[in-house]
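Trainee: In case it's useful when we look at the structure, here is the feature table from TrEMBL:
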type	residues	note
DNA_BIND	114-185	DNA-binding region
COILED	16-64	coiled coil
COMPBIAS	181-214	compositional bias 'Basic and acidic residues'
COMPBIAS	215-255	compositional bias 'Acidic residues'
DOMAIN	114-185	domain 'HMG box'
REGION	68-121	region 'Disordered'
REGION	181-255	region 'Disordered'
Amino acid sequence: MAPQNSHPPSLPPTVEEAYRRKCIQLKERSKEIEDENDAYRLRISRLKRQIQKLRLERALILDQIAKRTSTNVEDSEGSPSPPPTPQDKPLRTKRGHQSQKEQGRPTNGAAKPPKRPSNAFEIYCNDTRPVLQAEHKDAIAAGEFRLEEELARGWKDLPEKEKEEFQARYERELTQWKEARESFKQGVKDAAARERSRARDNRSSRGGRSRFEEPQDEEDADDDQDVEMAEAEPEPSAEQDTDPETEVDEHEGAD
């Protein structure tokens, strides 16, 4: 039995050249794919860093929006009331007829409306911030510990169950705030209605007094005018008491 040849039979030159070209093409294609993979990996790494940075910025922006929104709501609801209309203004009366009680009545400041509650993230920050400040007091003073970033990262890593608890707290506080706001608005309306009613009563009472006072003032003015006219008339002198006809008779008798 003849021994088997361990080497495969040689290929024709044309077939071998074709395989060689195919291997070269595959090797070049593999190198291109590896380069593309490296570029994609680098790009993915950069995108992940950008996403992390944007998440932190988003958390900080949401924190600032929550603070400014609550401040704006408080300012808008606590703004002073518009000036009274001419119908609401009381009639002007004489200074002497104004009661001392009305002059000495103090004006109390307007009551402040209830403050809008913070959102779930702000509630978490309010609960966690004192703990982190106590634990990393020295690092915060040295500038090595960024408190706001840690709060944002802690909120992001917080389990959904705990986030739901903070959200439930926020919803309860929001419901209580809405009820308090409605009660505050109703109180403001009632106070305004009482003030308008008091102003109408004052106008009606002052109007009655002014109708009785005006004729008396006119009579006093007429009396003053008569007195002035009487004082202005001159008194007859001693020379004017003699009658002109008597003077003529006296002159004729003398002649």
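Cβ coordinates are placed from backbone N, Cα and C, and glycine is handled just like the others.
Give me the local environment of each listed feature.
Mentor: Mapped onto DSSP classes, the domain 'HMG box' (114-185) shows 59 helix, 0 strand, 13 coil.
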Trainee: Across the domain 'HMG box' (114-185), what does the mean pLDDT come to, as a whole number?
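Mentor: Summarising the domain 'HMG box' (114-185) by its mean pLDDT gives 86.
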